[in-house]
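Undergrad: I have a structure here, written as structure tokens, and I will follow up with some questions on it.
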Amino acid sequence: MVLSRREIFACTLLAISPTLVAAQSGLRGLHSLAKAKGRYFGTSTDQLWNNKDSAYLNLTGSSSEFGVSTPGNQQKWDATEKSRNVFSFTNADYQVARAKNHKQAVRGHTLVNEAFEENGAYRNSVFYSTIGPAYIPIALRAARIADPKAKLYLNDYNTDWTGSKSDAYYKLTKSLLAQGVPLDGIGFRKLEITHLEPPVLKFLLPEGHLIVNSFEHTVQENFQRFADLGLDIAITELDIRMTLPATDILLKAQAENYAYIIKSCLAVSKCVGITTWDTSDDVSGLVNYTLPQLILARHKYSWIPSVNPGQGAALLFNEKKQPKPAYYSVADALAAATNDYNTDWTGAKSDAIYNLAKDLKAQGVPLDGIGFRKSRSPIFIIANFERFADLGLEIAITELDIRYTLPGTAALIASQAENYKYVINSCLAVSRCVGVTVWDTSDDYSWIPSVFPGQGDALLFDSNKKPKPAYYSVADALAAATVQGTWSP
């Protein structure tokens with residue numbers, strides 16, 4: 001059945017064929033995609049000086065792929081002060097200068113790192129054995145004095161799910177904040193093994209197994225409890241290794257695992273970004289090295305095979321710097337978030353989506369349309385719709401509801417009807433606006449009251465499934481419209 005474009009008003013989710021799904025070739029701009037969602041996507045590297053690998057240099061210098069550059073080891077103490085009072089910042093300065101030249105931010109140096117053992121006990125470092133637990137607040141306070149603008153993080157591995165080690169960090173974090181110790185965020189390092197164990201896909205961890213179906217929830221729940229303390233969350237050293245040789249099945253599993261991690265970050269509003277631990281799977285062939293020896297030996301890109309013989313292929317690009325299935329799963333997870341709310345009027349968030357769309361179109365990335373979600377009283381949106389339409393994109397209003405503070409009064413109900421009419425007319429005024437989807441049908445099924453206590457009545461039908469004034473205002477707007485074009489499923 002072919003319907004007039006202006007007769008389409010779907011009450012279930014409009015299935016526009018994947019708006020941001022590219023063919024499995026070419027690059028998608030991971031940082032550009034993440035930036036549109038208010039995150040960053042970055043990578044670490046230690047292999048910049050005297051490096052003749054142009055493909056690697058081009059990849060790590062791409063600000064659309066990696067908006068943040070993290071020195072792998074060159075800003076750590078053993079690199080900047082190899083002997084007492086003899087300092088060298090040559091390599092660190094080179095990386096910072098290069099990042100600045102490529103319009104990339106730099107994610108700093110290690111301050112407090114790996115403070116706990118797996119069982120939640122303090123790690124017996126030289127600082128702990130000399131000073132005791134007080135070394136952590138001392139370090140944080142000293143760093144804040146040295147640079148008041150620096151973001152101060154605690155960082156460790158095997159802390160992204162709930163457990164003894166993560167619980168120890170949570171307890172420490174609460175204590176530090178209660179004491180007024182400066183602390184801005186928590187860095188979670190994800191260095192996993194892709195492993196298949198029928199009948200389910202699992203993550204094989206150094207300390208045990210986690211089932212994928214529960215993994216995302218566990219990670220998200222853990223991220224959220226730290227975020228609820230007011231801290232930023234960052235995934236700081238992401239790679240997902242496998243037992244070699246890499247097979248199609250393992251690469252597919254790895255791609256799914258990467259997607260779970262990305263989605264866990266996107267699900268927590270205070271998760272600010274993701275950093276992979278280097279970019280491509282190239283290795284130097286070193287084996288059986290201790291970690292300090294490995295650092296000095298200038299391992300080539302991925303550290304995994306040198307420390308874990310027989311394992312590797314952990315990153316988003318292969319040895320030839322070609323994107324792997326995991327790259328596209330990350331891109332898809334990030335791109336799926338570009339149907340967004342608070343983008344229907346001009347502003348910083350809408351501008352970010354607009355710039356992303358322009359960038360993707362310029363790169364030849366397949367992109368058919370932009371979805372706008374409307375859950376508040378509208379302001380002027382036609383000009384914003386038009387600028388996206390001028391890029392050759394279709395426009396769709398994808399999650400429309402308009403709430404108000406309860407109880408509803410005659411004035412509020414009338415205002416809601418006018419607001420709905422305004423949104424419909426805004427779509428009708430833009431020739432490339434293909435349709436409107438309301439976010440459910442009747443007020444008893446609305447998500448609004450559970451998220452915004454005291455607000456609701458956001459839909460076109462009341463709890464008795466009777467049409468409200470807003471329904472008739474929408475119908476009147478559609479009936480008055482001039483038919484332009486056709487739409488078919």
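Including glycine, each Cβ sits where the backbone N, Cα and C put it.
From TrEMBL, for reference:
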- 1-23: signal peptide (SIGNAL)
- 51-333: domain 'GH10' (DOMAIN)
- Glu237: active site, nucleophile (ACT_SITE)
- 339-477: domain 'GH10' (DOMAIN)
- Glu399: active site, nucleophile (ACT_SITE)
Undergrad: Find the average pLDDT over the domain 'GH10' (339-477) in the predicted model and report it.
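TA: Reported value for the domain 'GH10' (339-477) is a mean pLDDT of 80.
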Undergrad: Determine, to the nearest whole angstrom, how far the Cα atom of Glu237 (active site, nucleophile) is from the Cα atom of Glu399 (active site, nucleophile).
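TA: Spelling it out, the Cα of Glu237 (active site, nucleophile) and the Cα of Glu399 (active site, nucleophile) are 35 Å apart.
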Undergrad: Taking the Cβ of Glu237 (active site, nucleophile) as centre, how many other Cβ atoms lie within 10 Å?
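TA: Its Cβ shell of radius 10 Å holds 22 other Cβ atoms.
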